[in-house]
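Under the heading GTP binding site, TrEMBL lists Gly5, Ser6, Gly7, Lys8, Gly9, Thr10, Arg116, Ile125, Tyr126, Ser189. What TrEMBL lists as region 'NMPbind' is 25-54. Summarising the annotation, TrEMBL assigns AMP binding site to Ser26, Arg31, Gln52, Leu53, Val54, Gly79, Phe80, Pro81, Arg82, Gln86, Arg149, Arg160. According to TrEMBL, the feature region 'LID' maps to 115-152. Annotation source TrEMBL lists domain 'Adenylate kinase active site lid' at 116-151.
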Amino acid sequence: MGPPGSGKGTISSRIVKDFRLKHLSSGDLLRSQIHNKSKEGLQAKKYIDSGQLVPDNVMVQLILNELQKLKHDSWLLDGFPRTVPQAEALHTKEPADVVINLNVPFEIIMSRLTSRWTHAPSGRIYNTDFNPPKVQGIDDVTGEELIQREDDKPETVKKRLETYQAHTEPVLNYYRNLGILEEFTGKYSNEIWPKVHKFLSTKTEPLQYTVYK
Ligand SMILES: Nc1nc2c(ncn2[C@@H]2O[C@H](COP(=O)(O)OP(=O)(O)O)[C@@H](O)[C@H]2O)c(=O)[nH]1
Ligand SMILES: Nc1ncnc2c1ncn2[C@@H]1O[C@H](COP(=O)(O)OP(=O)(O)O)[C@@H](O)[C@H]1O
């Protein structure tokens, strides 16, 4: 968990490189639904572009569906749950063992998101300041175009932060009360990552420890 732009996708990609976990990003899942012009995708697009949350029943259905495919794996959910009803639905069907919250100050998020670039088909994330691609605007792996997300425009980011405060911060209390919330406070992924790796290593055997400078 964490506010928009806090580094959920960045830290998640590092976790799945060092631990036996399958990464499931609700945002990436929605964007691929939109790309494939599915019914859910078209329904979700208007919410996403206005910085609102996609309705709970749509999200719960989508995510539980995907978790069914990961029956024999351990999974890492990124961006779900985002509301208490979503958290309750997950807890009933597929309870999480541990929840990680990236507690990153809002004031640095705006500048981050306006410099985020993504390779939509793979979900790879770049940033013109933090981790730029080798060639500007081009994905390092496929050579395909990078895009700036519709919802990373400043006015939409402001709305998403308000949405986060209204609907997602209460989920942190839900997990605090269950006693499974682990919080990591910091401004930068490279300072948060070692603490996340150390903590997760107490829960499951790491494959390796990748250091990022
Ligand atoms: N400047 C800076 N940018 C970062 C850092 N960590 C991640 N980013 C970038 O900030 C943006 C948001 O990160 P992302 O992982 O997509 O966050 P999410 O929205 O929570 O999934 C991306 O462009 C990242 O490359 C950091 O420590 N410093
Ligand atoms: N669990 C969820 N419930 C409702 N809407 C969601 C959920 N996950 C993602 N979305 C929608 O997709 C948008 C993009 O999500 P995401 O890629 O996770 O953004 P970020 O990583 O920048 O926080 C959100 O602003 C929201 O509209």
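Positions of Cβ are set from backbone N, Cα and C atoms, glycine also.
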Which binding-site residues from the set Gly5, Gly7, Gly9, Arg116, Tyr126 come within 10 angstroms of Val54 (AMP binding site), judged by C-alpha positions?
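So far as Cα distances go, none of the binding-site residues lies within 10 Å of Val54 (AMP binding site).
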Sequence-remote contacts (6 or more beyond its ends) of the domain 'Adenylate kinase active site lid' (116-151), Cβ cut-off under 8 Å?
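Hits for the domain 'Adenylate kinase active site lid' (116-151): 5, 9-10, 13, 25, 28, 31, 35, 48-49, 51, 157, 160, 189.
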Nearest by CA distance to Tyr126 (GTP binding site): which of the binding-site residues is it, out of Ser26, Gln52, Phe80, Arg82?
Ser26
Counting by DSSP secondary structure, give me helix, strand and coil numbers for the region 'LID' (115-152).
3 helix, 12 strand, 23 coil
Which binding-site residues among Gly7, Ser26, Arg82, Arg116, Tyr126, Arg149 have CB under 6 Å of ligand 2?
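With ligand 2 as the reference and 6 Å as the Cβ limit, the list reads Ser26, Arg82.
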Rounded to the nearest angstrom, how far is the Cα of Gly5 (GTP binding site) from the Cα of Gln52 (AMP binding site)?
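If we compare the Cα positions of Gln52 (AMP binding site) and Gly5 (GTP binding site), the gap is 15 Å.
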For Gly9 (GTP binding site), what is the secondary structure state per DSSP, taken as helix, strand or coil?
helix
Measure from the CA atom of Arg82 (AMP binding site) to the CA atom of Gly7 (GTP binding site) and give the result in Å, rounded to a whole number.
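Per the Cα atoms, Gly7 (GTP binding site) and Arg82 (AMP binding site) stand 15 Å apart.
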Of the binding-site residues listed here (Ser26, Phe80, Arg82, Arg149), which is spatially closest to Gly5 (GTP binding site) when Cα positions are compared?
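Closest recorded candidate to Gly5 (GTP binding site) by Cα: Arg149.
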Cα-Cα, whole number of Å: Phe80 (AMP binding site) versus Arg116 (GTP binding site)?
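One finds 21 Å between the Cα atoms of these residues.
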Report the DSSP secondary-structure composition of the region 'NMPbind' (25-54) as helix, strand and coil residue counts.
21 helix, 1 strand, 8 coil
